[in-house]
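Lifted from TrEMBL, the feature list:
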type     : residues : note
ACT_SITE : Asp187   : active site
ACT_SITE : Asp398   : active site
DOMAIN   : 169-515  : domain 'Peptidase A1'
SIGNAL   : 1-33     : signal peptide
TRANSMEM : 62-83    : transmembrane segment
Amino acid sequence: MISPSFSSFSLSKLSLSLSLQLYLFTASSSSSAAPPLHPTHRHQFPDLRFHSPYPKSGIRRVAMLAARSLFLLFLAAALLAGLEAAQQGIALSTKLIHRFSDEAKALRVGRNVTASVYWPEKRSLEYYSLLLDSDLQRQKMKLGPRYQFLFPVEGSNTVSLGNDFGWLHYTLIDVGTPHVSFLVAVDTGSDLLWVPCDCLQCAPLSARYYASLGQDLNAYSPSQSSSSKLLTCSHQLCELGSKCKSPTQQCPYSVDYYSENTSSSGLLVEDVLYFASNDDLGASNASVKAPVLMGCGMTQSGGYLDGIAPDGLMGLGPGKISVPSFLAKAGFIQDSFSLCFDEEDSGKIYFGDQGPHAQQSTPFLTSNGNYTTYIVGVDGCCIGGSCLKQTRFKALIDSGTSFTFLPEDVYEKTANEFHRQVNSTISTFEGYPWKYCYKSSSQDSPKIPSMKLLFAMNNSFMIHNPVFMVYGIQGLTGFCLAVQPADGDIGIIGLNFMTGYRMVFDRENLNLGWSRSKCEDEIIWAPGNPSGSANPLPTNQEQRIPGQHAVSPAVAGRAPLRPSAAPPSTRRASHLMQWLLPLLVLFVSPTL
């Protein structure tokens, strides 16, 4: 243990003594008139000589070793001084210089670094742009250049078109060569991407059938795309291959969906799907062509003939034929994607997004030993401040289902508690499927309790508004609890419960993540700018990760210098460290 009585005076004497020894040693070693070593000493230093037949390199090696040994003693003395200062409650510090400061510029010029290098004006557009580029490079160093965030080349936006389109969210995708655009529903409850193609029985594609569309929808034809390839029944991803008469026959597909009598069937084809990458922060998004398997949907039935997904559906499930699976297998993205749905019927989709560190999460569960769907375990339900007993269940997370379904026993307990807290008379609204509906008006703010789902590890999913508002000619006329009983023991968390959240389907780590979000990609915000003008540059985090509210970097002001309150011995220790650090660089450098 080091004695605390070891004074700064004794440290100064030790430092002076070591300095003198170092000086005397180096002076004697460089003198041309130095006498040779005594013969009896030569066996102790076989490589050392001043005037002897031994190589001159030995002199340098021993001088270097001796100098470093003395330096280590000197460093120990300095550390003792630092320890003594620390025992007196003193902190040592060093100076930090910003890369674009005037002081950094002066240092570059002083070192004969090219002075003509562009130096941005502080807080200018170029200033933030250079900082942003540096952030991107750091991010690539951390994540590696292989992975990126992708979104459909037409944009990352999704949109709900209301009742005409089944209250689902849709996004535009481009397929084939030359590319053709399709407005497809995004569906985490299925795997296959299919579009209307060489139609035998498809929904009408003319805009006149849909009040919310301004242009006709498109159909796909493999014969019109130079990049399309028909799959044969011998292909490993042809699930119906065993039913083919010949392995060279074209591979058929048929998918039945949860909605009654709703299906799509046709032939499987391979073609390219176009994506954009936001690696360049939207300045010049690179286009990515990814080969995928898709369904040439020749025959649709049920809801697909009645306004739901008339222009196709993009399955995002965990199966091998889903779009995220192809992108991840090809190495374009990390095996994850996110969907974000805001309160204004719009949203975002990003492939490769694993979500923020602060998000809540819960693991996916297997079905018959396999991860075939996105199923999670719910530990319980709460209505308002009341958490209900025996409300544990499994739920499918399905963006292709407009509303939410709970197992019947859980539904009854949840709905009864909701009704108790609303404390109003149940009403009926013609055409609405829900049992628990209530009259209200724009002047009478309804009392709507929140709903919360509980998960393992104290995670929870809050549904602030689990109702569907009913409007008439005079405005708001009522609301309904937008939950129905499920047919089986597995519930479905539908699109209405996901509103206001960034939902992350992390297939790589096999968990579902969620965080509250307004689904805003780009936030123009620069607090602290004295000119009052907005910063037109979105931050790196805003571009890469949808729904994150970025915090503006702190703008440091100049504070007046204050006299040091430290005693003289502390200031001496601080000065000692200031000239000790350059010596450290000198002695560690292999220049001897």
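Each residue, glycine too, has its Cβ placed from N, Cα and C.
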_Need the DSSP three-state call for Asp398 (active site) to compare against my parser._
coil
*asked:* Counting only residues 6+ away in sequence within the same chain, which have a CB under 8 Å from the CB of Asp398 (active site)?
replied: Asp187, Thr188, Gly189, Tyr258, Tyr374, Ile492, Ile493, Gly494, Leu495
*Name the secondary structure element type, per DSSP in three states, that contains Asp187 (active site).*
strand
